[in-house]
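Participant: Encoded as structure tokens, here's the structure I'll be asking about.
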Amino acid sequence: MQTLLAIFVGAGFGALLRWFLGLKLNALAPLIPLGTLGANWLGGYLIGLALAFFSTHPLLSPEWRLLIITGFLGGLTTFSTFSAEMVSLLQWGRYGALALGVALHVGGSIGMTLLGIFTFSFIQRIGG
């Protein structure tokens, strides 16, 4: 039951943050909604931090990993919305925006994950 609660609570907070980002940012660039992009980049960065952190703290309760990674970051990031937005661009014949959107989401998310891992490693090195 604790496992389900951890995932449920984390996912709820992640989804709320994703909704807020969409509400505040999507209208700024309708072709490539910045709320969706921001949610995926932020999620990528935070999962990099989380993966690095949990790899150095193997004795933490598994519920923490489920709360943060499966729940919160699963609720925050959104492959389905990204897919729907890219298919809309394809249907509208906006091929340049489609290519840019795919590159920004996929490349950016992977880059942000690597940056999160690097950030954690850097903080570990300078902190002790």
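Glycine too: its Cβ is placed from the backbone N, Cα and C atoms.
The Na(+) binding site annotation in Swiss-Prot covers Gly74, Thr77. Summarising the annotation, Swiss-Prot assigns transmembrane segment to 3-23, 34-54, 67-87, 98-118.
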Participant: Below 8 angstroms Cβ to Cβ, which residues of this chain, lying six or more residues outside the transmembrane segment (34-54), approach it?
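Facilitator: Hits for the transmembrane segment (34-54): 14, 17-18, 21-26, 28, 60, 64-65, 68-69, 73, 76-78, 81-82, 85, 101, 104-105, 108-121.
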Participant: Mind giving me a neighbour count for Thr77 (Na(+) binding site)? Other Cβ atoms within 10 Å of its Cβ, every protein chain shown.
Facilitator: 23
Participant: Restricting to the chain of Gly74 (Na(+) binding site) and a gap of 6 or more, list residues whose Cβ falls under 8 Å of its Cβ, or answer none.
Facilitator: Ile7, Gly10, Ala11, Gly14
Participant: Using a Cβ cut-off under 8 Å, which residues of the same chain at least 6 positions beyond either end of the transmembrane segment (3-23) come close to it?
Facilitator: 33, 35-36, 38-39, 42-43, 62-64, 66-68, 70-78
